[in-house]
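Peer 1: This structure is in structure tokens; I'll ask about it shortly.
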Amino acid sequence: MHGHSRNGQAHVPRRKRRNRFVKKNGQCNVYFANLSNKSQRYMADIFTTCVDTRWRYMLMIFSAAFLVSWLFFGLLFWCIAFFHGDLEPSPSGPTAGGPGGNGGGAAPTAAKPCIMHVNGFLGAFLFSVETQTTIGYGFRCVTEECPLAVIAVVVQSIVGCVIDSFMIGTIMAKMPRPKKRAQTLLFSHHAVISVRDGKLCLMWRVGNLRKSHIVEAHVRAQLIKPYMTQEGEYLPLDQRDLNVGYDIGLDRIFLVSPIIIVHEIDEDSPLYGMGKEELESEDFEIVVILEGMVEATAMTTQARSSYLASEILWGHRFEPVVFEEKSHYKVDYSRFHKTYEVAGTPCCSARELQESKITVLPAPPPPPSAFCYENELALMSQEEEEMEEEAAAAAAVAAGLGLEAGSKEETGIIRMLEFGSHLDLERMQAATLPLDNISYRRESAI
């Protein structure tokens, strides 16, 4: 049911908010379901499974592995001692042939145990812990009476070394992982679209909160939106690249201070036909990725974020955050996410803006100051030659009419021509052309 506003206009219901494919903190909002043999596949790659798992789960797994191995071999040692008869109480008291008896026979000798000083399961468990951890208290030990007990000690020592090596290797592989390094790489809360150098551009800001650098840092961006092919196939997550300067190397950045990443909306951009109104009604997501190597460990790290269509501000720019001080540059991160509105930003799409420039705006005429000085001198010389030709023709006409060569009139005409040529020469010498900035820019451009 459509509602109505107070002024009588129909109220258009808001589009359902799109589920993020990548969350703002960089986590991918994807759930895997109905995987066949998932446990077997994860156990086949147990090392990667342990490295990817959380610390608390990993410590619980290794603690359980140690405890199970201690209990298993403790039970094994207890069984060996039990079946050998080491757990039975030794006979005590005087014998028939001993002192106070009538007989003169010797006392019976007690059998040698397999494991010394193991009188129950608790003692066997302690002996198992001492063997696997190589504590070596020296109170309990295995004798040569039972070869099975010796074999059990050897096997437990090997198993203990394997568990220790696996745990240490997993911890050493997990500790230097640059996963948490992405927490100190910052993306702006919003992206903006405004005019830069006469073209509409999509921009967002990235920053590094640590003083340690990200080596070989480079950025990528992809637009994800539903797409219907010509054959009617529906693609819910169609991915299109956004060019951020791959061809000329602008995608590689020196991330010491916050930098604004620019995507120029041109003919190859998926946003080329999208204006302000289309942006408000579109359903898409822009995933931005920052990759590089951690300076301390030389391991590759990746930071991700995303912007929905509702998080892109049309006609805005980012406030400056880098300020020059007397001896250094100051970065004010309190302004990192702030933007300001730019008046005069066109609301049309980049395609319409380009077409309006081609069809409506005429080419500006060249300014008079664009003429070079040599062309001006050539024009003046041509005028002077024409005046001399006219003077020669007048002299020829006067000679044809019978005028004397030395007459005063001819002398006056010649002096007049010389005076005119002298004035032209002074005008040429005093001629200066005012060259403005536009002419200089054009000459440098040529």
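Just so you know, glycine gets a Cβ as well, placed from its N, Cα and C.
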Peer 1: Pick from 133-139, 245-251, 378-384: which range has intramembrane segment per Swiss-Prot?
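Peer 2: It is 133-139 that Swiss-Prot annotates as intramembrane segment.
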Peer 1: Region 'Val/Gly/Ala/Pro stretch' per Swiss-Prot sits at which of 91-111, 406-426?
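Peer 2: The listed stretch tagged region 'Val/Gly/Ala/Pro stretch' in Swiss-Prot is 91-111.
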Peer 1: Labelled intramembrane segment by Swiss-Prot, one stretch among 121-132, 193-204, 385-396. Can you tell me which?
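Peer 2: Within the set 121-132, 193-204, 385-396, Swiss-Prot attaches intramembrane segment to 121-132.
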Peer 1: In the same chain, which residue numbers or ranges, 6 or more beyond the ends of the intramembrane segment (133-139), come under 8 angstroms Cβ to Cβ?
Peer 2: 116-117, 157, 160
Peer 1: Where else in the chain does the topological domain 'Extracellular' (140-148) make close Cβ contacts, counting only residues six or more beyond its ends and a cut-off under 8 Å?
Peer 2: 80, 84, 112-118, 123, 126-127, 130
Peer 1: List the helix, strand and coil residue totals of the motif 'Selectivity filter' (134-139) as derived from DSSP.
Peer 2: 0 helix, 0 strand, 6 coil
Peer 1: When secondary structure is assigned with DSSP, how many helix, strand and coil residues does the topological domain 'Extracellular' (140-148) contain?
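Peer 2: For the topological domain 'Extracellular' (140-148), the helix, strand and coil counts are 2 helix, 1 strand, 6 coil.
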